[in-house]
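One structure is given below, encoded as structure tokens.
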């Protein structure tokens, strides 16, 4: 019994492992380029069976806890390995020994509490390494990165347990493009730990407290080009004179991101920035100012010249006591050399006139996503304000009048570029005043319905995209670039109004087509973006777009964004792939050809009808149909005549003087029906023929050469034949007045041929001695 239980347990384990392995394989997908993706697949281990064909492996967001020596042994060509957000707590020493080609390694946000230099020693090609978010306290007992000579981007540290930076941590690293250190809970920093790195393009430093900030600053000031401080509370920061003895600083840009600061500490920070002689750019992103704008220095403090700072950027600045914020006058003197200022989404509603006048070197001002209205803008753009300003961006403020906005900016004599997009202007006056040097105007997303002479004639670039325009008919002789996408235009603008146009972007309008002539009329056009319209793929449009090889050089979004909207059977297809049938593309020629063919067919039919008596056949067919439509007579018909005589008018002498005399004068006499004598006047001839045949016991046909030439004789023969077969009545009697060869009978007398082949006929004898027998036989035939 124990043995059986043991076997069952072993089998269960094997089956479980087999299912797990199968699940791992199913969660991994690889393409032909060796890019394998298995993220968020609930994997418990690295899938087996990985080969040298794998070049990129993404296993992020799984449940992998262990990496063994054999997991990646065969992946000798692996270039990128992403294992972020797993539960990895153990990596065997030689797990990466075969990854000499690996360039990108991401082990962030796992459970690695101890880092080993043996992991990274074989990774001679590594350029990117991310170790963020693992619960290690230090970066190991020995230098981890000394063998990574090609490393360019390094990210280390965590928010909670990484408390110590040692001098050996970054030994061997000489150049990095980006170094990110999450030292949020840093408690110990060994001097010169970061000084060993000779050059860092961008250093990102996460620090909750500022206690060790100055020590780190001393080490990096001569090696870092861009210093970024994140998540730091500088409310109580105090600057102390640095005893470094160094005057050369490499830092060109200093960024404060998600930093807390006060009026007093901001003054202290500025004293720190004074130590950076080469500082050109200062940036504050998502920061909080716990102050009211009181930046006055104490008697013992003095802010020295800010140096060469040219660019100031402030984004999403939060001021809790915004309603008490009152003064910037102490900073006026520090702004005279600044050339570029961006204050975005920070509730700015006014730039004091005095501050504007101090910004003498300002060339670029971006006040996007604020609260500016025309009245306050007029105060900001007062006389002598921003004398060097060339570019003004007031995107997404509260401007409502184009006319007032233009007049307000007249004081800015050097202004050339204005962006007032995403304001709600709705309408545009007929005329406006703008600075004389205006070259660029952005009116996109301003809800305007038309463009007028308010647009300055001096413009070289105009953006009116994402509005409600259905017509553009402005004469702008100097315009080189026109952005008019996402409107309601149905055709390209008139090229004669835009003689200098180089770039036209008119995508996502209501344009259905454009022609070669339209494009050729833009003599200087180099770039056209017209995709996203509902194109009618007519033959002319397709021929133009598919035959013009140079068109692809002009249409920058060709062919992906050019789709057919009609005809319906090609809707959604790319214009370059659509092929229409000959009938769709040459309809006029096809109709003309069909008409010609129909005319020839009618002509040929007429010739054939004339040659083969087709008209005669049609008349006969009509008579036949008329006869078929007549109501069927009852079997016991009202017989009025013994015989109806069908004969040619040229044989009337024989019929009237011989046949009639012989039969009607016989005792008992026969009553014959002759058309000359018995047809009812005023009645249709065909109806007379039909009625006479139906009222006669027999029908006598007097056959001769004259008979076969008579149309009416043919009708009488046809109706008699109809009676013969339709009523099963043997009523036809043939008299051959003169010999007729069957070959001489016309084709239209087909029924006569049939009757002569199936019935005996009486032949008029030339010998008078035999004529008595002829009359006897005829009388007998009529009586039968």
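Placement of Cβ uses the backbone N, Cα and C atoms for every residue, glycine included.
For 1-20, the entry in Swiss-Prot reads signal peptide, with the evidence type sequence analysis.
Mean pLDDT for the topological domain 'Extracellular' (21-587) in this predicted model: 90. Under the heading topological domain 'Extracellular', Swiss-Prot lists 21-587.
Secondary structure of the repeat 'LRR 2' (78-101), assigned with DSSP and counted as helix (H, G, I), strand (E, B) and coil, comes to 0 helix, 5 strand, 19 coil. Residues annotated as repeat 'LRR 2' in Swiss-Prot: 78-101.
In sequence order, 136, 140 are the residues of the chain that are 6 or more apart from residue 114 (N-linked glycosylation site) and have a CB within less than 8 Å of its CB. Summarising the annotation, Swiss-Prot assigns N-linked glycosylation site to 114 (among others).
Look at Swiss-Prot and you will find 199 (among others) tagged as N-linked glycosylation site, backed by sequence analysis. For residue 199 (N-linked glycosylation site), the same-chain residues 6+ apart in sequence whose C-beta sits under 8 angstroms from its C-beta are 174, 175, 176, 223, 225, 250. Under DSSP, residue 199 (N-linked glycosylation site) is assigned to a strand (E or B) in the three-state scheme.
Residue 414 (N-linked glycosylation site) has a Cβ environment of 13 other Cβ atoms inside 10 Å. Summarising the annotation, Swiss-Prot assigns N-linked glycosylation site to 414 (among others).
Positions annotated as N-linked glycosylation site by Swiss-Prot, on the basis of sequence analysis: 442 (among others). In the three-state DSSP assignment, the secondary structure recorded for residue 442 (N-linked glycosylation site) is strand.
If you look up Swiss-Prot, you'll see 609-784 marked as topological domain 'Cytoplasmic'.
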| query | Cα of residue 414 (N-linked glycosylation site) to Cα of residue 442 (N-linked glycosylation site): how many Å, rounded? | reply | 17
| field | CB within-chain contacts under 8 A for residue 442 (N-linked glycosylation site), separation at least 6 | value | 395, 418, 419, 420, 421, 463
